[in-house]
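Swiss-Prot annotations:
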type	residues	note
BINDING	116, 117, 118, 119, 120, 121, 122	ATP binding site
């Protein structure tokens, strides 16, 4: 990878351009007037969207796809034997990680960066929705498609650039951040950082480098520790806290989750209330973080909260895909025990008298090994039935003994869980145990969403 980002990038070629993050960045370059080409192993809606904007996208990887590109952009999931990557090295082309390419764009604007182990995509979507509702025209890049906008990124005319900042490999430290939002510092990505202390250190550095304002959770223990360290290291830094804690600058209370989420916020002795369009107690907290950031930027509080409340969700975040014979099928990106608990808690608020059936795809061998017990305890506590698929390894090589069975075998009540590696068999099993009124939800940030059509087909075959 190129260590120094060039001043000019010229024509860009994106390897693995079909993913949500890469396609969003490619779109920004296209809308900023750059020539973009790319490749991916499979055709997708993201590929079609980029082609519609003028990008030449090839399906499959081949050295010829690089063409006359001046810069190669790659993702962390790239294998080093990729022919396009090898050709770029032979030609001496700059090879940028996607975070470096994004930094080249965003460091030219006033940057709002959203970081944290969970809640980044939703919080970013709320901030963008709020800014648009307040009349601003920000540029943005999000980890998921904002449903009301039909895109995960856009080049706007305003001074602000809102970005979901990736902490997984430390790349969020590349950005010249003006305003930072830290949703939480729950332990994750320890395969990269090596220890919880190093993970926390990265967030402290991220906060210290934020020039204007840091907005941080008052409820999360890791975030509290970052706040304490930040105030000691940079006593003049402007910090706003949000959450349910009594000492939070923006305090959330009176949360009602029976139906649409309603809650109240206290801010500078004033009280504001809102009702969201997305379910789940955690989204009241996410909205409070977005509110703290917008009011910290100087926007009027009541108007800010009203604009945030118009947020209608993002793809792959508690997304309904269909209902068959009274059985609803949802998909969610949750891939950490805390996220799984939040998604299933939200499901409980809408399922009524029905049961929750979780179809869980563990993500990464390292995460599965580290958190198998926590995944099992969370799934068993919040779901009535669970189907565990095999591990989606992404960038990692398989580890001996680390499969989905590692999670399933830790259930205290084995009759409530089934480890099924074959997707069709898993879909059929789910359809057979489901009954009218049940809530089926797929969980994971790999490719588990691809099982949803099989689930719906199996339900039609078994239930109708």
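Note: Cβ is positioned from N, Cα and C throughout, glycine not excepted.
Of the chain residues outside the ATP site list 116, 117, 118, 119, 120, 121, 122, 114, 123, 183, 184, 286, 339 have their Cβ within 8 Å of the site's Cβ mean position.
When secondary structure is read from DSSP and collapsed to three states, residue 120 (ATP binding site) falls in the helix class. Ranked by how many other Cβ atoms sit within 10 Å of their Cβ, the binding-site residues 117, 120 place 117 at the bottom.
In sequence order, 183, 184, 282, 285, 286, 289 are the residues of the chain that are 6 or more apart from residue 119 (ATP binding site) and have a CB within less than 8 Å of its CB. Most Cβ neighbours within 10 Å among the binding-site residues 121, 122: this distinction goes to 122. For residue 116 (ATP binding site), the Cβ neighbour count at a 10 Å cut-off comes to 26, with all displayed protein chains included.
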